[in-house]
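Peer 1: For 1-33, the entry in TrEMBL reads region 'Disordered'. For 10-26, the entry in TrEMBL reads compositional bias 'Basic and acidic residues'. Per TrEMBL, the feature domain 'PPIase FKBP-type' maps to 57-153, 203-289, 320-412. Per TrEMBL, repeat 'TPR' is recorded for 528-561.
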Amino acid sequence: MAVVEDSEEEFKPQKKKPASEDDKRQRPFFRRKKMTPGSLMKALIRPGAGEKTPTDGDQVIYHCTIRTLDGVVVESTKAEFGGSGIPKRQVLGKSKMILGLLEGIPTMLNGEVAMFKVKPELHYGEEDCPVSVADSFPKDDELHFEIELIDFSKVKARILDSFLTQCISVNMPFINFQVISEDLGIIKKVKEEGQGWEQPREPYEVKAWISGKSADGKIIFSHTQGEPFFFTFGKSEIPKGLEMGIGTMARGEKAVIYVTKEYLSQCSLIPSIEGIAEIHFDVELVHFVQVRDVLGDGRLIKRRLRDGRGEFPMDCPLHDSLLHVHYKGMLLNEEKTVFYDTRVDNNGQPLEFRSGEGLVPEGFEMCTRLMLPGEIALVTCPPDYAYDKFPRPDKVPQGAHIQWEIELLDYEKQKDWTGFNFREIMDDVEKIKGTGNRLFKEGKYELAKAKYEHVLREFNHVNPQNDEEGKEFSDTRISGIHVVIHGLFNMFKNLLHLNVAACLQKMGEFKKSIEACNKVLDTNPVHVKALYRRGMAYMGGGDFEEARADFNKMMTVDKSSESTAKAALLKLKKEEQEIHRRARQQFKGLFDKKPGEIAEAGGLDVGEKEPDQSHDRDALDGEKEHLLEATAPPPARTSLWSRLWPSGRRLFTSLGLDRCTIL
């Protein structure tokens, strides 16, 4: 990442002086005292991903659009509002920022878009504001700041006193330096800023003009004529330190990268490094081709053939976008047999699909969502992410590796509910809910969970705007039950939480499934379906006592659930018996050997057969589980060892094995 210019004063090797009153007033601690209730308010426009939020010392990359309360754009980094299109990069707690963003951005998740309503005293109207603006800027007005948090990460350590001393001794200026390695073995000096903020990484294909000289100015090599030097990032085709430095550069950037011998390695670029203590590489990053190892194991590879429009990844399709693509599908054989081409086999019409709905092979969608509008990419895909788990075209054999040449023509973001009336919102909810139910039935639990969570997030912001809409909502049927308006929201959210829990249970995420059930039971401790689903999750995770307690409570609070609870208890008993049987077999004969002999645990005796499990069918197969009016398949069986603990620990104790260590 480029060095933040606002922090360059930190590089000056001078003795620390006592902080003046003006300096103290600029510190976040003193500035935060100006916060008053209602001076900073936040509204979520688009939720982010993950659970972490930026903290002091993190570098944040974000787009910012400032509007008056009437909606007039005052200033923006986005090209669509007259800005440069380049997002801001700042370091929280280090860079000069307005107080409203210094407090607001740390509440955001990666990819989140939020609107902050900021009083003048928390933006440019703040007394002693460290950020100056033009006189025409409405700094005395309350403003809306729309923030899109693109990315955040920890920044490397800055120039240390020891390096500054070295710079001064050789009269080397140290402005625009960035420390790449904390031991100062790799340092970069930016000569000319590049374009955009995407940087090369493994396994990108890179073209650059590169020359190198020793610390005393002797030229070691020069590759600055003819064709730029070409290499694949991550293939050790250039010295490690040089590669790490280039990995912080943007397209078109010019820089000098200082690399000590600890980070030098012999390669085609430098045949010999003997006697070289340090090399100064003069680099101009001409171009790089994005090549992404999507799965991280070399099986699903996306290679960009033609650049698209916009910045990666900010302008890539989001979840639930409507995409229009042309593609040509080929078998990965010597003939590169084409089995489908939209321009030939679809009357020249592009394929249209909505992401996140399982309508195309998983590998196809994963790579398409990493593309920019207008981009052409070549995707190499393994069978399990192509057509082995998706309806196969007639010309594609089982187990075939596939190559797609994909052109993303354009895409449409999913419309938010701004401006929708209540009926339109409910129609959209029903549509998304139905898609989630379909995905659940198809066994695509991750995608189904995303749909339910999307409705849950969005529906939290929905309230009837008038009596007519309230009546409309109160007349809505859910699981055949009429509910009054004051209880409908909670009921709807409960159903969504239970659907999420069902998906998590199918995915083997029993702990998270229990947490989802607890959200329902926190509001209604006698919710029978939540007790049942939590009990199944406890049983799946091997917590048999907790599961038994939930099933027994079901019968206590609702006599009509007795048959379901008894079936669950029967299944629980069989699960416990099977765990005990397996554990006894696992440790059979472990302590029967004489001293000095080795006892083996876990094997069946010769001639002993694995017992037939066909009789142990799910006792709950006949029990229908409703997912927002859709039935779901019975809970999936999980592996032995994932269910063994912690109940297995108690079993070992009863067998006298609590002091036994398994290596």
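Just so it is clear, glycine is given a Cβ too, placed from its N, Cα and C backbone atoms.
Can you tell me where each of these features sits in this structure?
Peer 2: For the domain 'PPIase FKBP-type' (57-153), DSSP puts the residue distribution at 15 helix, 37 strand, 45 coil.
For the domain 'PPIase FKBP-type' (203-289), the model's pLDDT averages out at 91.
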Peer 1: Count the residues of the domain 'PPIase FKBP-type' (203-289) that DSSP assigns to helix (H, G, I), to strand (E, B) and to coil, and report the three numbers in that order.
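Peer 2: Final tally across the stretch: 10 helix, 39 strand, 38 coil.
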Peer 1: Please list, for the repeat 'TPR' (528-561), how many residues fall into helix, strand and coil according to DSSP.
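Peer 2: For that range the per-state counts are 30 helix, 0 strand, 4 coil.
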